[in-house]
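Participant: TrEMBL feature annotations, pasted as is:
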type     : residues : note
DOMAIN   : 91-215   : domain 'Phospholipid/glycerol acyltransferase'
TRANSMEM : 20-38    : transmembrane segment
TRANSMEM : 58-80    : transmembrane segment
TRANSMEM : 324-346  : transmembrane segment
TRANSMEM : 352-372  : transmembrane segment
Amino acid sequence: MAEPPKLTHTTWWMKIRGMLFCTFIFVSAVLSSMYFLIPLLPLMFLHHTLWRRTVDRLIGFWMFMPCGLIEIIFGARITVSGSKIDHNEPALIIMNHRTCLDWLFFWNALIRIDPWLLTSQKISLKAIIRHLPGAGWAMTLNAYLFLTRRFEKDQAHIEEMIDYYANSKHAYQLLLFPEGTDKDYRATERSRQFALKQGLMHYNYVLHPRTAGFTIMLRKMRQVKYIKTIYDVTVAYADAIVQSEFELVSNGSCPKNIHFHVSKVNVDSLPEKDDELIAQWLVNRWKAKEEKLAQFYNSDDVQHRVFKIDSDCDKVFKLTTKSIVVYGAVMTYWLFTSVFLIYVFLYYPLQYLLVLLTLAIFIGSQFLIGGFEHIPIQATKRAV
């Protein structure tokens, strides 16, 4: 069976809804960065561990707001099955990259597994995203891993960031999309041509993974003893495909039935020193992922599209009463806080000075040292 169709035709109300959602999240991200994150920067040099923990939690708690709006305004239902991800243990998470929105919906999945995961997960993203006002600034301060797709530069940056995670004394779970890009039409065609050239099977539901980044990360995390577990996550959309953030915003379209399955792998079960064997392990996981997705889409009935439970240890994660209370409280706090910050920005004098300071910090650091993310790295090296 095939995947569901792309959701392209929407009503005028849905388009307005998408634009309002985007505008509010954008303004909230910009103002929260200015009023919460920028004033905390001196703490980075005075007590880096405390600064790192504070920023992780502020940004992690802020994520509850877009997660809540995705479920309340757009009506998205998130189903999560499989193994629990431990937020107290450093790990590598690998996931197929069906759409540009996978990482956003994955936040909703993490809330169901353990809300604290929002404060400890890190994502590898395209480097251009760090230039986005507000969201890009927060992701940079949150120590996300930005990749340029230039091997030598990315290898050095990956190793530098993993050293930083280990030196920070915090346990992080790093999300990597080994396919390198989302599965749109062009990427699917490139993957098909690659498979044809290499004599490989063409996949219908995933792209052939790029193994270099995975092997570099795994090797470095093992070297600094910063990994015990790999979590293999499979994402599937039962009812509709919304390919990009632009479609979410411009069309107000959003899938309603999103599934994640988490498989836990002990890192000791992987080859240790042979990069080719490690790469083959990843290739085999993606072959199994293709089969899992084929089974998921085997039914025409959206309600019957679910991931098969692999073992007795697997479970279905649902929002507990406590999680719902925390979810609602934190989301409500950030909604009101965002409205209050908008009021302060509009009606109090000299707010433009904070805007200029914020722009100077992020734009200046980009031109002078290649990005703000290098400043915390150097601060940690001096502390160590």
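Backbone N, Cα and C atoms are what each Cβ position is placed from, and that goes for glycine too.
No curator has checked TrEMBL annotations; they are predicted automatically.
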Participant: For the domain 'Phospholipid/glycerol acyltransferase' (91-215), what is the mean per-residue pLDDT, to the nearest integer?
Facilitator: 93
Participant: What same-chain residues lie close to the transmembrane segment (324-346): Cβ under 8 Å, and 6 or more beyond its ends?
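Facilitator: 24, 27-28, 31-32, 35, 61-62, 64-65, 67-69, 111, 115.
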